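Q: Structure provided below as structure tokens; questions to follow.
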Amino acid sequence: MGKDFKSLVTRCIYVGKMNDNAKKLKIATEELKDLGNNVMKRVKLCEEQQQMKRLDKVQTWLRQADTVIKEAEEYFLMSSSSSSSGLISSSHKMEKKICKKLKEVQEIKSRGMFEVVAESTGGIGGGAGGGLTIKDSDEQTIGLEAVSGLVWRCLTMENTGIIGLYGVEGVGKTTVLTQVNNRLLQQKANGFDFVLWVFVSKNLNLQKIQDTIREKIGFLDRTWTSKSEEEKAAKIFEILSKRRFALFLDDVWEKVDLVKAGVPPPDAQNRSKIVFTTCSEEVCKEMSAQTKIKVEKLAWERAWDLFKKNVGEDTIKSHPDIAKVAQEVAARCDGLPLALVTIGRAMASKKTPQEWRDALYILSNSPPNFSGQIS
């Protein structure tokens, strides 16, 4: 009787420990599941929206997490069987297995707090902006190839870290920036870890710039929104200072304090680049651009070619009187690619001389405002 009672007490102790650890294992496993789902969401965001590739260590961790979760779930079933078996040895062995698996789950969970989950594909990354291919129109590139080529060469020069593109609105600065961004993403061996595109606009908002950069480098933190501007800057700096990046800033109206935003200054060591567009040459000076490139209006022949391409030869030749008026309409676009493309497309279906004369009259008396469109 005494021996049986002692055996019963021992069994109860082992079963109690086993059940306690089984509960802890279940809680830890659920937490690991949640963490794994969060990491996978971040990975998919980077892969699908920013054309990035998940880090090898993240892929390994996801695989390990999935395996240990399945094993833990099997242990839940085994612990139930062991509890009802009545065997001390069985309960004791199961309790030790569960305890070991609990430590394994906790260890894997502790390694899952990734700041960055993905990198550029083939050495180039980021999105879209940055890392994100920006929609471009082939028709708008006529006459801008030389400027795009110059910016591209600057990206390979060691003594040029900050490049400023300036010129009047509608002259094609954003088109050039888009071409360079997309070319950088398409060519896989240029050595940039992140290619980041940020639209700045007239109303400068430093935290908005920080939030855009944070999304494009794949850093997602639930506490991000509660962080101060300085804390966000420190986290961005921590990540970008270890990587080579190309940062494209479109539509800059005033000096952007990039250091305050957390962006490390480009230098010979990090070999990073910053390229921005602005209407003001003064902003180029304020941004400490080592290279300033003025984007000029198109010469007449280039302007006329671009206009004709968007109108279509069929329309221009549809009536003998249209060609001359069409040239006058194109001249009113003042060599601005945006105006030439927009008005050219609008006139593509106009095949009577009167429609063209009406358009010329409107342009002569109230030139269109292209503010807010591609500049």
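Placed from the backbone N, Cα and C atoms, the Cβ positions cover glycine too.
Note that this is a predicted model, so its numbers are computed, not measured.
Grabbed the feature section from Swiss-Prot, which reads as follows:
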{"type": "DOMAIN", "residues": "158-372", "note": "domain 'NB-ARC'"}
{"type": "BINDING", "residues": "Gly167, Val168, Glu169, Gly170, Val171, Gly172, Lys173, Thr174", "note": "ATP binding site"}
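Tell me about the surroundings of these features in the structure.
A: Confidence over the domain 'NB-ARC' (158-372), given as mean pLDDT on the 0 to 100 scale, stands at 90.
In three-state terms derived from DSSP, Gly172 (ATP binding site) belongs to neither a helical nor a strand segment and is classed as coil. Its Cβ placed at the centre, Gly172 (ATP binding site) has 32 other Cβ atoms within 10 Å.
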Q: Lys173 (ATP binding site) has how many other Cβ neighbours within 10 Å of its own Cβ?
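A: Other Cβ atoms found within 10 Å: 28.
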